[in-house]
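Peer 1: Just dropping this structure here.
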Amino acid sequence: MSSPAQPAVPAPLANLKIQHTKIFINNEWHDSVSGKKFPVLNPATEEVICHVEEGDKADVDKAVKAARQAFQIGSPWRTMDASERGRLLNKLADLMERDRLLLATIEAINGGKVFANAYLSDLGGSIKALKYCAGWADKIHGQTIPSDGDIFTFTRREPIGVCGQIIPWNFPLLMFIWKIGPALSCGNTVVVKPAEQTPLTALHMASLIKEAGFPPGVVNIVPGYGPTAGAAISSHMDVDKVAFTGSTQVGKLIKEAAGKSNLKRVTLELGGKSPCIVFADADLDIAVEFAHHGVFYHQGQCCVAASRIFVEESVYDEFVRKSVERAKKYVLGNPLTQGINQGPQIDKEQHDKILDLIESGKKEGAKLECGGGRWGNKGFFVQPTVFSNVTDEMRIAKEEIFGPVQQIMKFKSIDDVIKRANNTTYGLAAGVFTKDLDRAITVSSALQAGVVWVNCYMILSAQCPFGGFKMSGNGRELGEHGLYEYTELKTVAMKISQKNS
């Protein structure tokens, strides 16, 4: 059976006007307590799009207070039927579909995303994920347990409470939905901090949340910086859980703050240096295409990027040649322009970090096959770059680059490549390309990664749990397991006069 047809991609919205730039608390728009604002840039032009209210600890305190009030026993949210929560989430998904063109245009302008990708993948994936979570709202069940003695025992899955949610800049809207969807489905309230680089789609979503009919205080959105607003959420004594997607370095700080405060629950989806293993029997054209997509999609700004390509010795040269040909086909430019394959990196800091790592690859002896520098005179663009003859000890083989840079390494045996693939502090994703079923199962079982793709790469769906091993994070998002991350499991044991089977 063929996949459902994708919707036609319209032209981006012309003359975009940003309507929402304030802090959203209790279904109302607020200025920051400090009176500060911060600029939001278009990374393709380096121009300021608008200025947004800069939330900090005082604003987070207000948002948490509103979220706590909305979570009180007897509140409209706590007494709402679970099926009604699902209806509200479906209504929100419908409003996203209505505003799909607007949201995709904002993602492209604010986040540097190729517009077609934003419209099809980011919006399509966000809407599907929200509808998936909506369907779970009245299907989160406890159990009855046949315990010993004259005792009737059952379990309840209850919402945790006030959840702080810190969103990354690489997939601002998709990660916003991955966070709020499960949390709201289970009956929690949330305080969301979008990334300071990309707050605009989250703030538009705030207007849709109010329009959909969510009670005041259920969703609160505080734009601001990590060291101020993010730290305030992580260390807040009245936040019951924090979820974060971003770098491992910041994830460590969040987990430390959670432990030092009230030992709040923590879900972390962090960095990666994901291996992609291509055996000689693989369909090489398919492997080249998926490996290319796996590292160059969204300018390489993906936590699951296939940033270590291991290719069996006998097909190595052909794989490199085909990969270079594929990378050279890329067209760079303004992501709103039709026919563009690659937009800019998110900001100057990321842009300069990528160029520094590329220089390290040159100095350490990797062979630069194509790219290797800045592109254009304006915007944070990096040329699609391919390195061959990469060895495991090079910086480009060990550090997360988060840019359009492909490292291709050679291997001789299955035992060798498994050992090398696992020789990293990360464990988020991996890919295996082979026609041998036994080999595919053996290697996928041996790889230390939260998701392993076989003969494909970067295939994500709302039905499947996603998360990392080792320093790539804790917990899971999406799927049934992702829902349960937003519940506490309570056992209730009742003394009765007589128990009967």
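Positions of Cβ are set from backbone N, Cα and C atoms, glycine also.
So Swiss-Prot says this about it:
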ACT_SITE  Glu269  active site, proton acceptor
BINDING   167-170, 193-196, 226-227, 246-247, 269-271, 349-353, 400-402  NAD(+) binding site
MOD_RES   Ser2  N-acetylserine
MOD_RES   Lys91  N6-acetyllysine
MOD_RES   Lys128  N6-acetyllysine
MOD_RES   Lys252  N6-acetyllysine
MOD_RES   Thr337  phosphothreonine
MOD_RES   Lys353  N6-acetyllysine
MOD_RES   Lys367  N6-acetyllysine
MOD_RES   Lys410  N6-acetyllysine
MOD_RES   Ser413  phosphoserine
MOD_RES   Lys419  N6-acetyllysine
MOD_RES   Lys435  N6-acetyllysine
MOD_RES   Lys495  N6-acetyllysine
SITE      Asn170  site 'Transition state stabilizer'
Peer 1: Have a look at the recorded positions Asn170, Thr337, Glu349, Asp352, Lys435 and say which one has the shortest Cα distance to Glu269 (active site, proton acceptor).
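Peer 2: Minimum Cα distance from Glu269 (active site, proton acceptor) across Asn170, Thr337, Glu349, Asp352, Lys435 lands on Asn170.
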Peer 1: Work through the modified residues one by one (Lys128, Thr337, Lys367, Lys435, Lys495) and name whichever has its CA nearest to the CA of Ile167 (NAD(+) binding site).
Peer 2: Lys128
Peer 1: Quick check on the recorded positions: of Asn170, Thr337, Ser413, whose CB has the lowest count of neighbouring CB atoms inside 10 Å?
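Peer 2: Least crowded of the recorded positions Asn170, Thr337, Ser413, by Cβ count within 10 Å, is Ser413.
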Peer 1: With Lys419 (N6-acetyllysine) as the reference Cα, tell me which of the binding-site residues Asn170, Ala195, Glu349, Ile401 is the closest one.
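Peer 2: Closest by Cα distance to Lys419 (N6-acetyllysine) among the binding-site residues Asn170, Ala195, Glu349, Ile401: Ile401.
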Peer 1: I'd like the number of other C-beta atoms within 10 A of the C-beta of Lys353 (N6-acetyllysine), please.
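Peer 2: The answer is 17.
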Peer 1: With a 10 Å radius around each C-beta, find which of these binding-site residues (Ala195, Ile401) has the fewest other C-beta atoms nearby.
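Peer 2: Comparing Cβ neighbour counts within 10 Å for the binding-site residues Ala195, Ile401 gives Ala195.
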Peer 1: What's the CA-CA gap between Thr337 (phosphothreonine) and Asn170 (NAD(+) binding site) in angstrom, rounded?
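Peer 2: Asn170 (NAD(+) binding site) has its Cα 20 Å from the Cα of Thr337 (phosphothreonine).
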Peer 1: Determine the minimum-neighbour residue: among Lys128, Lys410, Lys435, listed as modified residues, which Cβ has the fewest other Cβ atoms within 10 angstroms?
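Peer 2: Among the modified residues Lys128, Lys410, Lys435, the lowest count of other Cβ atoms within 10 Å belongs to Lys435.
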Peer 1: Which state, by DSSP, holds Ser413 (phosphoserine): helix, strand or coil?
Peer 2: coil
Peer 1: Can you tell me how far the Cα of Lys410 (N6-acetyllysine) sits from the Cα of Lys367 (N6-acetyllysine), in Å?
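Peer 2: Counting only the Cα atoms, the answer is 13 Å.
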Peer 1: Have a look around Ile167 (NAD(+) binding site) and count the other CB atoms within 10 A of its CB, chains all included.
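Peer 2: A count of 29.
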